[in-house]
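Worksheet: one structure, shown below.
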């Protein structure tokens with residue numbers, strides 16, 4: 001086998017076996033993009049959240065795997081929740097009503113220092 005083929009094989013194997021390390025936590029824009037379909041539900045809705053909202057909640061749950069991601073998402077959610085009036089009961093039940101697990105409720109009173 002020539003040197004180029006060996007390097008190509010090593011490169012391909014490296015893609016699959018070298019662990020990925022995130023340099024930074026999830027961005028607030030990603031959090032907002034995921035939860036944007038939930039805003040009208042959280043502010044004036046009732047019953048179960050719409051499917052598009054739950055899709056965003058599940059996407060966010062999948063994206064917040066590290067402690068840094070969870071804290072960043074918490075800070076973002078808290079800052080947005082402070083700027084709009086959400087129904088507390090809907091915010092608390094959002095993740096469970098969508099069959100997902102988020103690190104925090106969509107609430108302005110959440111304590112982000114305990115998240116992680």
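Each Cβ is built from the backbone N, Cα and C atoms, and glycine gets one as well.
What Swiss-Prot lists as signal peptide is 1-24.
Same-chain residues at least 6 positions away in sequence with a Cβ under 8 Å from that of residue 76 (disulfide bond) are, in sequence order, 28, 31, 32. For 28-76 (among others), the entry in Swiss-Prot reads disulfide bond.
Secondary structure from DSSP puts residue 53 (disulfide bond) in a helix. A simple way to gauge crowding: the CB of residue 53 (disulfide bond) has 23 other CB atoms within 10 angstroms, across all the protein chains here. Under the heading disulfide bond, Swiss-Prot lists 38-53 (among others).
Sequence-distant contacts of residue 54 (disulfide bond), defined as residues of its own chain at least six apart whose C-beta falls under 8 angstroms from its C-beta, comprise 97, 98, 99, 100. Taken from Swiss-Prot, the feature disulfide bond applies to 54-98 (among others), supported by sequence analysis.
DSSP assigns residue 112 (disulfide bond) to a helix in the three-state reduction. Marked as disulfide bond by Swiss-Prot: 74-112 (among others).
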Candidate with sparsest Cβ neighbourhood (10 Å radius) among 28, 38, 98, the listed disulfide-bonded residues:
28
May I ask for the distance between residue 74 (disulfide bond) and residue 53 (disulfide bond), taken between their Cα atoms and rounded to an integer number of Å?
18
Here the disulfide-bonded residues are 74, 112; which one has the lowest number of other Cβ atoms no more than 10 Å from its Cβ?
112
Which state, by DSSP, holds residue 98 (disulfide bond): helix, strand or coil?
coil
Structural state of residue 74 (disulfide bond), classified by DSSP into three states:
helix
